[in-house]
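Structure first, then comments.
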Amino acid sequence: MSDELTKEQTALLRNAFNAFDPEKNGYINTAMVGTILSMLGHQLDDATLADIIAEVDEDGSGQIEFEEFTTLAARFLVEEDAEAMMAELKEAFRLYDKEGNGYITTGVLREILRELDDKLTNDDLDMMIEEIDSDGSGTVDFDEFMEVMTGGDD
């Protein structure tokens, strides 16, 4: 899970971790985890926090090493990124769905895809649109749009 973090996120977590490990022991007490998460904007109730700590503190030492800490924090950071991406895609879809009827035409989708990757040939675009608009309706709803933009379930 922690390999999904960017270098910037890892550096941010390292700084937060080090701030709570002033003796440089290489671990923080589990009691500090809630404090750090709330500083990162995540308020958790005691039961949820205890569950998360129990899951991450695999050796039950009451101490969280940096690796355990990044695994724990990655859940929140990656989740946040996914939510932010979803909101951005919703907004992008709304911009192209000018009539507000919940779908865009395949012509509009073609423009979007071309803007995202100008190396796509007309054949590439035709194949992609054929796959996306499997019912041949000439329209793409938000769910289909999301599948295209996020790579679907495969």
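Glycine residues also receive a Cβ, built from the backbone N, Cα and C atoms like all the rest.
Note that the structure is predicted; figures quoted are calculated from it, not measured.
Marked as Ca(2+) 1 binding site by Swiss-Prot on the basis of sequence analysis: Asp57, Asp59, Ser61, Gln63, Glu68. Here Swiss-Prot flags Asp133, Asp135, Ser137, Thr139, Glu144 as Ca(2+) 2 binding site. Here Swiss-Prot flags 8-43 as domain 'EF-hand 1'. Residues annotated as domain 'EF-hand 2' in Swiss-Prot: 44-79. Feature annotation from Swiss-Prot assigns domain 'EF-hand 3' to 84-119; the stated evidence is sequence analysis. The annotation domain 'EF-hand 4' is assigned in Swiss-Prot to 120-154 on the grounds of sequence analysis.
Of the candidate binding-site residues, Asp57, Asp59, Gln63, the one lying closest to Glu144 (Ca(2+) 2 binding site) when CA atoms are compared is Asp57. Listed binding-site residues: Asp57, Glu68, Asp133, Glu144; maximum Cβ neighbour count within 10 Å falls on Glu68. Highlighted in sequence order, Tyr103, Thr106, Ile132, Ser134, Gly136, Gly138, Val140, Asp141 have their Cβ within 8 Å of the centre of the Cβ atoms of Asp133, Asp135, Ser137, Thr139, Glu144, the residues recorded for Ca(2+) 2, and are not part of that set. In the three-state DSSP scheme, Ser61 (Ca(2+) 1 binding site) is classed as coil. Of the chain residues outside the Ca(2+) 1 site list Asp57, Asp59, Ser61, Gln63, Glu68, Tyr27, Thr30, Val56, Glu58, Gly60, Gly62, Ile64, Glu65 have their Cβ within 8 Å of the site's Cβ mean position. Under 8 Å from some Cβ of the domain 'EF-hand 1' (8-43) lie the Cβ atoms of residues 2, 49, 52-53, 57, 61-66, 69-70, 72-74, 76-77, all in the same chain and six or more residues away from its ends. Rounded to a whole value, the Cα-Cα separation of Asp135 (Ca(2+) 2 binding site) and Asp59 (Ca(2+) 1 binding site) is 53 Å.
Sorting each residue of the domain 'EF-hand 3' (84-119) by its DSSP state yields 24 helix, 3 strand, 9 coil. Looking only at the binding-site residues Asp133, Ser137, Thr139, the one with its C-alpha closest to Asp59 (Ca(2+) 1 binding site) is Asp133. If you take the Cα of Gln63 (Ca(2+) 1 binding site) and the Cα of Asp133 (Ca(2+) 2 binding site), they are about 52 angstrom apart, rounded to a whole number. All chains included, 7 other C-beta atoms sit within 10 angstroms of the C-beta of Asp135 (Ca(2+) 2 binding site).
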